[in-house]
Amino acid sequence: MPSARLLVLFGSQTGTAQDVSERLGREARRRQLSCRVEELDSYPVVNLINEPLVIFVCATTGQGDPPDNMKSFWRFIFRRSLPSTALRQMDFAVLGLGDSSYAKFNFVAKKLHRRLLQLGGSALLPVCLGDDQHELGPDAAIDPWLQDLWEKVLGPHPVPLNLDLSPPGVLWPSKFTLQFLKDTPSSGPEELCAAGTDPQGPPSELQPFLAPMVSNQRVTGPSHFQDVRLIEFDISGSGISFAAGDLVLIQPENTASHVQQFCQALGLDPEQHFTLQPREPGVTCPTRLPQPCSVRRLVSQYLDIASVPRRSFFELLACLSPHELEREKLWEFGSARGQEELCEYCTRPRRTALEVLCDFPHTAAAVPPDYLLDLLPLIRPRAFSIASSLRAHPSRLQILVAVVQYQTRLREPRRGLCSSWLASLDPAQGPVRVPLWVRSGGLTFPKTPDVPVIMVGPGTGVAPFRAAIQERVAQGETGNVLFFGCRRRDQDFYWEAEWEQLQARGCLTLVTAFSREQEQKVYVQHRLRALGPLVWELLDGRGAHFYLAGNAKYMPADVCDTLLSIFREEGGLSDPDAAAYLAQLQRTLRFQTETWA
């Protein structure tokens, strides 16, 4: 009896959905199921009509948005021309990953589940709603859901009687092998370009532009709790162009001290070079990784040793461990019953993969190099809103970066990999180059002259609006209204002098909210409500566009509630009509958001 064919497709923004998908793949193979795990946008979506059994694993980002690596699939699957019987041969299940503190919790998974039903698919289970806010994380929902899933899958597709279920402790072969070279290659392996890429092509993830850093300036007061940087890059000769609302992606690196510590813990020679080979046909090597590559470069620029490891990290370490006590503890962390203890040890204090390896020294020293890419995720690029316009700053690109640093119960402060790396770079001490490329963002501004724009950007959320205002002022457009919020005027009022100069010229209406300068906190939504008549007149009378950028947790919902109250009180709309009015603004792209966690 041939084994059933299972396809796992994932859409992942931070790597969690990919990690869950690979876990699904391992568990399927334990059950003798033929299984492929693929990124949604890499899979030829028209082939779904031939798939009998598909598990979709998808995260929800921002305000109910799909991850970047499933956006093409998302557009295709919601085409109105698709027939209602298109997927009638397919059994499916949807596993969602989200955060219940956001208004559109697991919106992508829920909407995909409904759409697959509309196209004739048969759901094996209700959609799984993994929640980052749960004390045990998404696994609290995933573990029982997977038990039900395998029962459903193995009903119509039972394990052949002559085959046994592989025990969970079996060590599967690594995805890749590292072939170490006897001699150091002579052809410049440290150039930042992946083998086989076209150096003449436009800057991209495969071929980033090494942009010289021109300046790195702290723009918050010395006593302010947060270090925020205005960083400028020279993009002359790069071929990079961008518009207001676009994003720049930056590929960060691990610190030299962490790289050295990692190599010592695993007994690796950082100067040794290797080539990477896939173990199975059909598996491709990471496209960004050069061939050949040094161990130092692999650890510095590719392996995310500063990430908080997921459950699969502990499962694999347990399989690799030769030390009985360490192995038992790792098995506990990797098991369903050990998730509360894992949360206490790792997730809650944000302990990094490097710190875990140092806590399990006998295991770390026994990790075969072939398993490095199975054990650790690749460093992901970080996206920043571009904070300048080429019209105002030709050949320059500026970003506003809040340096992430916070304390947990661990002795060492937790630091954001990319923001801390950028903050550490000082062009005054010598040339600094940063790998970057640009992509279209989620905000598009009106091309028609004289269309007013209302922009709400508290904190670093103001960055894309500075680019938009510079661009619009250069084109002679004066209908710019900016609501900016921060803690104190003298500590974190970004670009104060620039805004005041534009306001004096009649190019900008600036409305500020300084939350800590009076006994009762004042936020942007309070200032928005106070100017309700102006907001309603601009939106309903003059066809203004409304933009919102900043932290996704509470502010967007508060601003939307404020808008609804303005529509009711200034426009005389009923509750349903106010909600419909806001929905219409969203549909026509007159209400746009760019938010982040």
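Each Cβ is built from the backbone N, Cα and C atoms, and glycine gets one as well.
Residues or ranges marked as FMN binding site by Swiss-Prot on the basis of sequence analysis: 12-17, 59-62, 97-106, Asp132. Under DSSP, Ser12 (FMN binding site) is assigned to coil, being neither helix nor strand in the three-state scheme. Within the same chain, the residues at least 6 positions away from Ser12 (FMN binding site) whose Cβ sits under 8 Å from its Cβ are Gln18, Asp19, Ser21, Glu39, Val57, Cys58, Ala59, Pro67, Asn69, listed in sequence order.
The Cβ neighbour count for Arg350 (FAD binding site), using a 10 Å radius over every protein chain in view, is 15. For Arg350, Arg382, Ala383, Phe384, Ser385, Gly416, Leu417, Cys418, Ser419, Trp596, the entry in Swiss-Prot reads FAD binding site, with the evidence type sequence analysis.
Cβ neighbours within 10 Å of Val524 (NADP(+) binding site), excluding its own Cβ and spanning all shown chains: 26. DSSP assigns Val524 (NADP(+) binding site) to a helix. Annotation source Swiss-Prot lists NADP(+) binding site at Thr460, Ser515, Arg516, Lys521, Val522, Tyr523, Val524, Gln525, Asp558, citing sequence analysis.
The domain 'Flavodoxin-like' annotation in Swiss-Prot covers 6-150.
Annotation source Swiss-Prot lists domain 'FAD-binding FR-type' at 206-446, citing sequence analysis. Averaged over the domain 'FAD-binding FR-type' (206-446), the predicted model reaches a pLDDT of 95.
Distance noted between the C-alpha atoms of Thr460 (NADP(+) binding site) and Ser385 (FAD binding site) is 9 Å. DSSP classifies Asp99 (FMN binding site) as coil under the three-state reduction. Put simply, Gly15 is the one of the binding-site residues Gly15, Asp99, Phe105, Val522 whose Cα lies nearest to the Cα of Ser419 (FAD binding site). Shown are the binding-site residues Thr460, Asp558; of these, the residue with the fewest other Cβ atoms within 10 Å is Asp558.
Of all the binding-site residues given, namely Gly15, Gly62, the one with the smallest number of surrounding CB atoms inside 10 A is Gly15. Note on Ala59 (FMN binding site): other Cβ atoms within 10 Å of its Cβ, all shown chains, come to 30. Using DSSP to sort the residues of the domain 'Flavodoxin-like' (6-150) gives these counts of helix, strand and coil: 58 helix, 35 strand, 52 coil. Checked against Gly15 (FMN binding site) by C-alpha proximity, the binding-site residues Ser385, Arg516, Asp558 yield Ser385 as the nearest.
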